[in-house]
Protein chains: 4
Amino acid sequence: MTKKSPKKVVLAYSGGLDTSVILKWLQTTYGCEVVTFTADLGQGEELEPARKKAELLGIKPENIFIEDLREEFVRDFVFPMFRANALYEGQYLLGTSIARPLISKKQIDIARKTGADAVAHGATGKGNDQVRFELAYYAMEPDITIIAPWREWDLTSRTKLLEFAEAHQIPIAKDKRGEAPFSVDANLLHSSSEGKVLEDPNDAAPELVYQRTIAPEDAPDKATEITIDFEKGDPVAIDGARLSPATLLAKLNELGKANGIGRLDLVENRFVGMKSRGIYETPGGTILHKAHRGIESITLDREALHLKESLMPKYAELVYYGFWFAPEREMLQALIDKSQELVTGQVRVKLYKGNVEVTGRTSPYSLYDKELVTFEEGAVAYDHRDAEGFIKLNALRLRTLAARKKKTGL
Amino acid sequence: MTKKSPKKVVLAYSGGLDTSVILKWLQTTYGCEVVTFTADLGQGEELEPARKKAELLGIKPENIFIEDLREEFVRDFVFPMFRANALYEGQYLLGTSIARPLISKKQIDIARKTGADAVAHGATGKGNDQVRFELAYYAMEPDITIIAPWREWDLTSRTKLLEFAEAHQIPIAKDKRGEAPFSVDANLLHSSSEGKVLEDPNDAAPELVYQRTIAPEDAPDKATEITIDFEKGDPVAIDGARLSPATLLAKLNELGKANGIGRLDLVENRFVGMKSRGIYETPGGTILHKAHRGIESITLDREALHLKESLMPKYAELVYYGFWFAPEREMLQALIDKSQELVTGQVRVKLYKGNVEVTGRTSPYSLYDKELVTFEEGAVAYDHRDAEGFIKLNALRLRTLAARKKKTGL
Amino acid sequence: MTKKSPKKVVLAYSGGLDTSVILKWLQTTYGCEVVTFTADLGQGEELEPARKKAELLGIKPENIFIEDLREEFVRDFVFPMFRANALYEGQYLLGTSIARPLISKKQIDIARKTGADAVAHGATGKGNDQVRFELAYYAMEPDITIIAPWREWDLTSRTKLLEFAEAHQIPIAKDKRGEAPFSVDANLLHSSSEGKVLEDPNDAAPELVYQRTIAPEDAPDKATEITIDFEKGDPVAIDGARLSPATLLAKLNELGKANGIGRLDLVENRFVGMKSRGIYETPGGTILHKAHRGIESITLDREALHLKESLMPKYAELVYYGFWFAPEREMLQALIDKSQELVTGQVRVKLYKGNVEVTGRTSPYSLYDKELVTFEEGAVAYDHRDAEGFIKLNALRLRTLAARKKKTGL
Amino acid sequence: MTKKSPKKVVLAYSGGLDTSVILKWLQTTYGCEVVTFTADLGQGEELEPARKKAELLGIKPENIFIEDLREEFVRDFVFPMFRANALYEGQYLLGTSIARPLISKKQIDIARKTGADAVAHGATGKGNDQVRFELAYYAMEPDITIIAPWREWDLTSRTKLLEFAEAHQIPIAKDKRGEAPFSVDANLLHSSSEGKVLEDPNDAAPELVYQRTIAPEDAPDKATEITIDFEKGDPVAIDGARLSPATLLAKLNELGKANGIGRLDLVENRFVGMKSRGIYETPGGTILHKAHRGIESITLDREALHLKESLMPKYAELVYYGFWFAPEREMLQALIDKSQELVTGQVRVKLYKGNVEVTGRTSPYSLYDKELVTFEEGAVAYDHRDAEGFIKLNALRLRTLAARKKKTGL
């Protein structure tokens with residue numbers, strides 16, 4: 001049926017119905033050995049049930065891999081991306097996009113360890129995730145065989161999927177019988193929801209969609225103020241308490257959730273070519289994004305900042321499209337990281353009913369100089385009269401253009 | 001004392017103490033005729049007192065120009081800029097920057113009409129505004145003489161200024177005797193505050209600074225929902241009622257103010273080289289910015305949007321630096337306006353205690369296609385299997401790189 | 001065998017062996033009516049033999065379309081692209097890329113006229129041209145059926161192709177019996193050669209590859225000097241004689257050929273993901289490119305030029321990838337065309353054994369001002385002392401950085 | 001007369017008439033101690049005469065600094081810049097610009113060593129060099145006093161300068177009596193000529209202007225072929241012989257000169273606002289530029305190359321404007337250097353009467369894969385059929401746009 005004939009496949013396995021069906025489909029379609037990989041990226045689900053389920057479906061214990069990736073995820077993927085202030089299409093904090101490369105990387109690691117010749121994922125054929133997974137697989141292992149069941153099988157409706165599950169004794173949770181009113185992806189950085197009830201971009205998202213944040217309306221009537229310490233562009237402490245990357249992000253998530261922060265209702269453009277509508281919740285990330293801009297505002301030179309800003313859309317696009325393990329992303333990261341060497345200091349942030357406001361920033365490396373900016377003259381470095389020369393030479397080309405216009409009328 | 005010896009100067013005159021001192025200083029220093037120009041850009045002050053004051057200071061009636069520029073300001077400056085989604089340093093909506101070129105343009109128009117050979121403004125020698133005024137003057141009239149009193153005179157302290165005012169019978173309002181705790185600029189788009197109590201970027205801005213918005217905490221507990229109609233990238237109606245540009249922006253300002261929307265506490269980088277801290281309030285502009293992104297999200301093609309986004313920082317920098325009347329800004333505007341031809345439709349926006357959230361968008365030119373994005377296959381335009389080829393060719397260069405790495409170890 | 005079942009196909013038909021085989025294959029495979037379209041883009045072949053051959057292969061006279069597109073090609077495709085100074089990967093003048101969209105556009109026009117539901121081209125499955133043809137087809141007619149025989153059929157070797165030709169009474173020119181030592185594409189702008197003897201990028205290209213230029217070694221020992229007049233960025237006259245676009249380019253080709261100008265030996269990156277090596281000859285285009293830069297150098301403002309330059313790589317990439325009929329190309333064109341309004345004047349160019357050197361430029365719209373640049377002071381617009389202020393404010397941020405370094409040691 | 005009252009000044013001293021006048025003028029105007037710094041950057045003049053002359057003008061031996069900077073210049077300035085393929089305004093190889101930061105750096109080093117509080121240079125008030133020198137001074141020593149005699153003194157004509165020289169017993173070489181017909185700057189990378197006979201951009205440059213190259217017409221009738229080896233983006237050997245950076249560049253200069261390579265007649269835009277016309281000769285640099293592109297063409301990934309290309313104009317602008325020691329240049333350098341890690345291999349270059357042509361390239365890290373590009377199918381990594389999916393998804397957004405157009409007529 002297909003030219004692929006994998007012997008051993010490493011499957012990104014959540015333990016849920018869909019990836020369980022995939023597991024069984026791989027076994028029955030290819031007659032291959034399946035290795036499951038289940039990762040904790042902070043999606044908020046326990047992992048041990050996935051082990052049990054895998055065993056139940058006949059996976060050998062030595063073929064079941066379960067790993068807590070939360071610290072690695074935040075330290076090596078989320079934080080580098082936040083150094084860039086990355087926003088896709090000006091708004092989206094890239095919560096789903098940034099998780100895929102790490103999962104892919106681990107699948108390839110496991111494939112090498114177990115001698116597997118193939119990998120498989122549960123992403124659909126119309127989304128961005130298939131691209132992100134597969135670009136990362138190929139970037140690490142150029143000749144790996146990739147199985148993308150959603151693009152290959154004929155289980156093209158919910159009914160067929162459930163029939164296959166029943167036929168293969170895959171347990172079906174009661175609430176999975178009916179169709180979910182929307183689909184969800186989640187990790188420590190965010191949750192996203194899309195599809196079904198969200199498909200008309202002119203219908204407001206129902207409140208039940210939101211899982212990571214309470215509504216601003218339900219948040220406390222009193223603002224919460226916190227400080228975040230940064231070192232070289234990364235957050236290291238909240239209210240003076242030093243925290244590991246994942247712990248810190250989890251703490252920010254709590255704070256964001258409680259204050260109704262980080263909701264986004266967006267129509268975005270997928271890499272595969274169509275528009276889609278998503279509801280994103282990035283409580284901690286939203287706080288972090290603003291706070292990072294705050295610390296940069298006093299520690300980054302103007303042109304360093306402007307250069308970063310001008311490249312940010314490209315960086316965000318690369319992450320969104322799935323080019324994390326690509327030389328152009330690494331080149332941009334080198335540029336960005338170079339700029340962050342002294343992005344160190346403290347930001348004070350006010351959280352209130354959906355709002356994040358930077359109210360103070362301080363740094364031993366601050367470039368803000370009260371002397372320079374103060375109304376009264378005096379600072380040695382700045383002579384009012386310099387401004388005239390500055391303006392006149394900046395204007396010279398404009399004056400030449402104006403003179404041409406006077407002369408030629410054009 | 002200076003090589004300039006203007007005969008007739010067109011002064012940007014607010015009627016306030018500072019520009020009244022400048023008026024008198026011009027007369028006494030240069031012995032020149034002064035023409036005053038007072039514009040209504042929606043700063044919220046009446047203009048007739050400025051006429052009276054100018055007369056009192058000896059300006060001939062035919063030398064007093066007063067003009068309501070609100071519609072021109074919004075239609076020809078604010079709206080074109082909002083088509084670009086311009087944010088300086090990722091955050092600032094450029095409310096002060098965008099007003100300067102229009103004032104300059106009008107001063108030059110009046111200089112031509114009245115045969116004046118010079119123009120003057122009241123911007124200080126450390127700020128951006130002097131640059132914005134003067135670049136615009138020069139771009140229109142290359143040989144104009146420019147007087148920037150704050151860079152020239154010796155009234156370098158508040159005390160000296162007041163002494164000069166008293167010596168020349170300039171009336172001093174009681175509240176101008178003491179130093180203002182911060183300085184303010186305002187127009188229909190925004191108000192900005194800086195200096196004095198705001199100079200330490202680690203001190204939160206006191207509530208008294210805010211003039212255009214109530215605090216989110218004081219805003220209604222119930223959200224307000226409105227619709228905004230757009231045509232070719234510009235807003236034309238609120239809740240179905242067609243409004244002129246200035247009226248529409250004023251209406252959005254009301255709505256924004258009432259819901260605590262549009263506050264920004266920012267440390268930014270000036271064109272003249274130092275960092276400064278400002279408090280900006282852009283209630284209507286903040287709503288408009290989000291709504292414009294909303295209508296673009298369904299009507300703009302992906303690559304059109306990404307191209308715009310990648311050039312936005314440059315566009316915003318040009319506006320902030322004062323290069324409005326420069327070919328590079330006009331070239332970017334041509335690119336942006338080209339993209340807006342079908343940015344037409346309606347956006348629904350929810351306003352609540354500082355938050356602006358797009359909850360719906362619809363357009364006769366929508367590119368959003370439910371068929372394409374829906375989970376179940378069927379759409380003719382999209383075949384799941386196409387994704388494999390798409391990914392494989394996108395991955396080809398990454399696979400080649402990976403193969404090199406395998407071969408060379410580098 | 002395939003889901004496509006076209007009734008009537010418009011084929012881009014050269015009259016050569018390959019497209020004749022395609023013609024017959026379309027008839028036999030799909031049983032469909034074939035419409036042939038043969039265009040003169042200056043490739044240097046007569047068109048009437050293509051008509052005869054099409055008739056011979058059973059195409060009805062009303063289904064044979066032959067058109068001289070040279071003027072349209074140069075005026076609406078080549079010249080707009082040269083306004084951008086487009087060079088792919090810093091070197092390639094895009095001669096093949098720019099011809100494809102026009103051919104596609106005409107095929108779609110003919111499909112509409114003849115009621116055809118499909119189009120077909122003879123580009124292979126590994127190259128850029130298939131992408132360029134098909135993106136353009138889809139951009140004009142979203143539901144058109146596209147037949148790309150080289151990706152579909154099983155004539156995967158030269159032998160099979162010849163067998164098919166013989167089996168179907170397709171005449172085979174004697175010199176087509178053997179394999180060509182490389183493959184060629186040509187039009188009025190350039191010719192390109194690739195494949196076979198050129199496949200090792202470390203082997204110098206043999207002289208026989210070159211078709212449009214004589215070797216610099218064989219060119220006259222005396223330089224030729226010409227003038228080119230430009231209007232709004234486009235060339236309009238050579239040595240004072242006004243010429244139509246295609247005639248002008250043909251004349252430049254003659255001059256370039258005779259002087260050994262316009263050869264390029266390049267390894268480039270294809271859109272489909274691999275590197276390839278090509279030999280390009282663009283005699284007239286190389287002269288035009290340099291001359292256009294020459295006239296821009298005195299008529300374009302600095303920032304207009306720098307903005308154009310910064311976007312040129314993107315523009316060139318779009319043309320190379322096949323996104324001519326895409327909004328982002330049109331947006332860039334709007335920006336570029338805006339800049340060309342006064343790019344009018346005359347350039348003098350010296351041609352000598354492969355070299356093109358601009359030796360003079362003059363324009364009624366020149367921004368070059370001898371007064372400003374002359375060593376001795378005097379010009380009113382420029383005061384030496386302005387430079388100090390200009391430098392000091394440009395240096396202010398660097399001094400602040402240096403002061404930080406002194407203070408913190410970092 | 002001026003607020004500056006330097007005690008000890010480090011002067012960039014060539015030993016020529018102009019800087020000798022400056023030396024004396026500094027002594028007589030400020031009564032300060034003068035330290036001379038004379039550097040060998042390969043300008044082709046001996047340095048010992050400068051020492052003698054300085055002594056003659058009363059400089060104490062311990063205040064005379066002479067240094068051979070050629071290796072440092074090429075290794076740390078020229079080569080990093082060539083990694084970027086930097087061309088200002090698409091054409092200029094930045095030979096003058098790149099030398100200034102190094103001279104400035106050394107002057108500051110000597111100022112620190114000798115306890116000097118000021119530096120001085122001999123650049124005029126209308127050029128770019130004053131900016132380049134001074135930005136670099138300030139970037140290293142924020143409170144340094146800078147003396148720019150050409151902007152300060154009243155020796156505003158050649159006559160006055162000669163009178164001053166005579167009045168102060170400064171020896172005047174015979175050929176310096178009259179005005180030079182143009183002014184020259186030279187170093188190991190290039191020589192530039194401008195002014196006087198070159199001021200009309202419509203007059204061809206006379207042959208006597210050229211100093212570093214023979215005319216292409218005078219070059220040998222037979223081509224010279226060489227190989228250049230690269231490691232990590234830098235050239236390390238010619239024809240297999242390993243050479244130090246300065247020696248290698250000198251060797252390329254010889255080869256370039258002999259073959260009439262590297263002439264450029266350019267009207268460019270200065271940072272200070274006006275256009276100027278220059279004749280540049282960069283014989284070795286022109287070869288190096290082409291060769292570097294050649295080795296990149298097989299070792300750099302497409303997106304790495306395109307990203308570099310898109311940032312090159314910015315990088316070149318920064319170097320031209322004098323922002324070498326600025327964070328934005330360092331950030332770009334980090335990005336560029338990251339890309340060069342495997343830019344290693346050999347390029348074969350043909351030199352012939354002004355032409356430089358890459359005729360071969362090879363590398364252990366080559367990404368060129370004959371298998372992938374070859375006409376006949378077979379390569380595992382590439383399936384012709386993948387192209388269809390690739391094109392269809394790339395076309396999806398264009399089809400959606402086309403469908404909109406069909407539906408709305410817009």
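Positions of Cβ are set from backbone N, Cα and C atoms, glycine also.
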Per TrEMBL, A:A12, A:Y13, A:S14, A:G15, A:G16, A:L17, A:D18, A:T19, A:S20, A:G122 bind ATP; matching candidate in A:A39, A:A99, A:A139: A:A39
Same-site L-citrulline binder from A:E141, A:E199, A:E268, given that TrEMBL records A:Y92, A:S97, A:N128, A:R132, A:S183, A:S192, A:Y280: A:E268
Residue from A:Y92, A:D129, A:R132 whose C-alpha is spatially nearest that of A:S14 (ATP binding site), among the binding-site residues: A:D129
Candidates from A:G122, A:T124, A:E268 close to chain B, where binding-site residues are judged by Cβ under 8 Å: A:T124, A:E268
Set of same-chain residues at least 6 away whose C-beta sits under 8 angstroms from A:T124 (L-aspartate binding site): A:Q130, A:W150
Minimum Cα separation from A:E268 (L-citrulline binding site), reported as the residue among binding-site residues A:A12, A:G16, A:D18, A:G122 that achieves it: A:G122
Integer Cα-Cα distance in angstrom, A:D129 (L-aspartate binding site) to A:D18 (ATP binding site): 15
Residue among binding-site residues A:D18, A:E268 with least C-beta crowding, 10 angstrom cut-off: A:D18
Neighbours of A:T124, A:N128, A:D129 excl. site residues, C-beta within 8 Å of centre, L-aspartate: A:A123, A:K126, A:G127, A:Q130, A:V131, A:R132, A:V272
Which listed residue (A:G16, A:G122) has most other Cβ within 10 Å, given these are binding-site residues: A:G122
Length of the line joining the Cα atoms of A:S192 (L-citrulline binding site) and A:D18 (ATP binding site), in Å: 18
Fewest other Cβ within 10 angstroms of its own Cβ, chosen from the binding-site residues A:Y92, A:Y280: A:Y92
Fewest other Cβ within 10 angstroms of its own Cβ, chosen from the binding-site residues A:S14, A:S97, A:S183, A:S192: A:S183
Conformational class of A:S183 (L-citrulline binding site) under the three-state DSSP mapping: strand
Binding-site residues compared (A:S20, A:N128) - the one with the fewest other Cβ atoms within 10 Å: A:N128
